[in-house]
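First up is the structure itself, then whatever we jot down about it.
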Amino acid sequence: MLKTDTEKGISGDDADLMARRNAFGSNTYPRKKGRSFLAFVWDACKDLTLIILMVAAAVSLALGITTEGIKEGWYDGASIAFAVLLVVFVTAISDYKQSLQFQNLNEEKQNIRLEVVRGGRRIMVSIYDLAVGDVVPLKIGDQVPADGILISGHSLSIDESSMTGESKIVHKDQKSPFLMSGCKVADGYGTMLVTAVGINTEWGLLMASISEDSGEETPLQVRLNGVATFIGMIGLSVALAVLVVLLARYFTGHTYDPDGSVQYVKGKMSVGQTIRGIVRIFTVAVTIVVVAVPEGLPLAVTLTLAFSMRKMMRDKALVRRLSACETMGSATTICSDKTGTLTLNQMTVVEAYFGGKKMVSPDNTQMLSADVTSLIVEGIGQNTSGSIFEPEGGQEPEVTGSPTEKAILSWGLKLGMKFNETRSKSSILHVFPFNSEKKRGGVALHLGGAEVHIHWKGAAEIILDSCTSWIDTDGSKHSMTPEKVAEFKKFIEDMAAASLRCVAFAYRTYEMDDVPNEDQRAEWKLPEDNLIMLGIVGIKDPCRPGVKDSVRLCQAAGIKVRMVTGDNLQTARAIALECGILDDPNVSEPVIIEGKTFRALSDLEREEAAEKIFVMGRSSPNDKLLLVKALRKRGHVVAVTGDGTNDAPALHEADIGLSMGIQGTEVAKESSDIIILDDNFASVVRVVRWGRSVYANIQKFIQFQLTVNVAALIINVVAAVSSGNVPLNAVQLLWVNLIMDTLGALALATEPPTNHLMERPPVGRREPLITNIMWRNLIIMAFFQVSVLLALNFKGISLLQLKHDDPAHADKVKNTFIFNTFVLCQVFNEFNSRKPDELNIFKGISGNHLFIGIIAITVVLQALIVEFLGKFASTVKLSWQLWLVSIGLAFFSWPLAFVGKLIPVPERPFSEFFAWCCCCCKRGKQASDDATSDGKGNKSEHKEDAV
């Protein structure tokens, strides 16, 4: 009824696929829509300080129009309202854009690529393109992509916990053939026929009823929220103190207009004028809160994470968990797989040892009898999870499967194997799928009558240990003598030393009468003793180009690269030397260690050995897990790469789990934090660079924002308390706030990573966010800005030669000049913040177009505000001479920052230094009290001498 072929699948042409989608639906399910732009606007409007400012703007507008008329009275209130709305919309646009980026990346996470059989060929398609009637091969670690029924399978076991909630593994066969989407293949392999997709599946119904929570907060965001709250509390306390002082000065007649007249005279002021004065003071206090609260800190993390995630996608890394971006920057060790990560994963058989002799050419079977060749081809064709599609037009056969399977099947074709013909000569009774724990796989074949062959394939030395005889070139069988074992082992060692992966083939005969019946066959354990050695092949998997440089880069960055592989020690050693992980070929335990040796150590010995390990060979997934646990106990931040189902525990246990996008199973991907889309170690190193970049960008922004916070707060507080007036009004502070929070975050949080980041040691787990270098830069810049601007505030009229001007106009020119200089100081400060620990602050500036664009926009908007929007910002036009002076004062921060960076800073955090100072003061006071006492509690008169 589904018009499909269980062997060849559907035809797969566009018309057929469209008809199937129209009839049965597509393999997608409706996802709940993301939040609209208006929702983000509403969120931005909920900010309490902005609400207070809007109320103040409304009151100011009403009072202004009442007292001064509509022509002049609307400027103050309208300008505050406009500035607030500008902040709201810029924040909302920024948040909305980041939300869309996270949504798109989330869609990419769900887009699984899988194999389907169409027109007799195995092809890769997106899970979204799956259609009812498709035939899908399943292997260990895959996710069942849709609802369907089992066509054929061997030892197929499914983990249905995602659907049923029970962790029980369910065996699937012809009696229990139903497969549910979303479940994972725990063991074996098989082929399924898709019967329902998308919303018509159990998984689709479940997913449509739940909404994904994308509100994950990373550890850095949590820390910064805490910092922002703490600074906000300080700002609020200062603002309340300023409010009290300003109100007290106002009502006691100590606040003056620029012309010298008292602003409030009891009994002579109208209610409207009094309220307007109070609103003005209240607005100043609120804007101090606005500028003091660094709400841009969490925004900067969101921006840099969204930017990094998008760029990491281009660098072939898909981030599944946001926190991994940050943690990767702290990685101190990387435990990497060999195959496909350090190597190219392009395997070919380059050496062969059959019939007890090394073959001149690995695909030359002339020296072998027809019976031996037939046995080898039988083992290759049947004991595999791969497949060969043989086109009818005489084109080259298409080989699919894992890289090792593809290499062996391709070699089989060169031996003259006809895949379909070979498989038709015998029927499969039972399969023991390849297991990374046991490192071998087997198959029982019924050749007809009572004859049964059991073929095994796997790690050469493990198969060799199970062999009691070997087969000669003419097909005769010989006992496995110690001399012959030594000969086989020598050949394995020679191949391994040449960095070849050694795979052995063996078989044994069996009686059909001894094979369990069909009902009991699922539990049958294939015999693996008394095997007859057929031969061994050496598979070459060359090192990836550039891996050596990537490993060297990691080592220079203080990250130790360790190779964990299932290959034997000799192969592992050869590849590690080729990749630069080892530089001495004569190293011994525990630098290079076998999995079983490491496994046998006690917990304490294991921790000590883990520190020294560079290469672990013949390791099982459990050995990798033990290594990760031991390293974490020693305080390491561990990144682990893995691709198999059994790697899932190690990926989950590690601080950062990196699964492989090409060879990785869905189970491994589900357990990982980041998917490396090209399976390349160089991409892992790029992820480290991006992780460090996230942390470095946040630190740059913190330095920039806190400098502005400190400077603006001190200037306004000192001016308010001393004179009752502030040089920076509400609109101006809102504009500064916009520069700080949104534009500053965009400029500094989107800096691309540089090689300089890889020249530092990893950032420790508990390292302070604000380093001593940042404190130094922050204090120098804030001190310079506060000194210059306070000098201008108190002596500006005489310094700017405005004594002969109208007092009100002179005061406006002075305040405009202060505002302009302050904003330009922040522009120059943004350049300084780009490179907190480097002297050349312009390095790489030409490559960051966004930074240059934001600086240009800030300067242009500042000029517009000062020169054309004076009515709204309470500014006046400045002469070109004052512009030059303003630029000159701001420019002076560059040489000052340069000189400041030459000042050495202590290695220990300032927080420890302050604690030490307090402790010293406490001890000093106690010593002083003790020294000046006469022993009876009375103080001595000679205090100076005692001290």
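Every residue, even glycine, has its Cβ placed from backbone N, Cα and C.
Features of the protein shown, as given by TrEMBL:
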type	residues	note
DOMAIN	1-65	domain 'Cation-transporting P-type ATPase N-terminal'
TRANSMEM	48-67	transmembrane segment
TRANSMEM	73-93	transmembrane segment
TRANSMEM	227-251	transmembrane segment
TRANSMEM	278-307	transmembrane segment
TRANSMEM	773-794	transmembrane segment
TRANSMEM	850-870	transmembrane segment
TRANSMEM	882-903	transmembrane segment
REGION	925-947	region 'Disordered'
COMPBIAS	936-947	compositional bias 'Basic and acidic residues'
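Of the candidate ranges 227-251, 278-307, 850-870, 882-903, 882-903 contributes the most Cβ pairs within a distance under 8 Å of the transmembrane segment (773-794). When Cβ-Cβ distances under 8 Å to the transmembrane segment (278-307) are tallied for each of 227-251, 850-870, 882-903, the top count falls to 227-251. Same-chain neighbours of the transmembrane segment (227-251): 263-264, 266, 277-278, 281-282, 284-286, 288-289, 291-295, 297-298, 702, 706, 709, 713, 716-717, 720-721, 724, 769, counting only residues six or more beyond its ends whose CB sits under 8 Å from a CB of the stretch. Mean predicted confidence for the domain 'Cation-transporting P-type ATPase N-terminal' (1-65): the pLDDT average there is 83.
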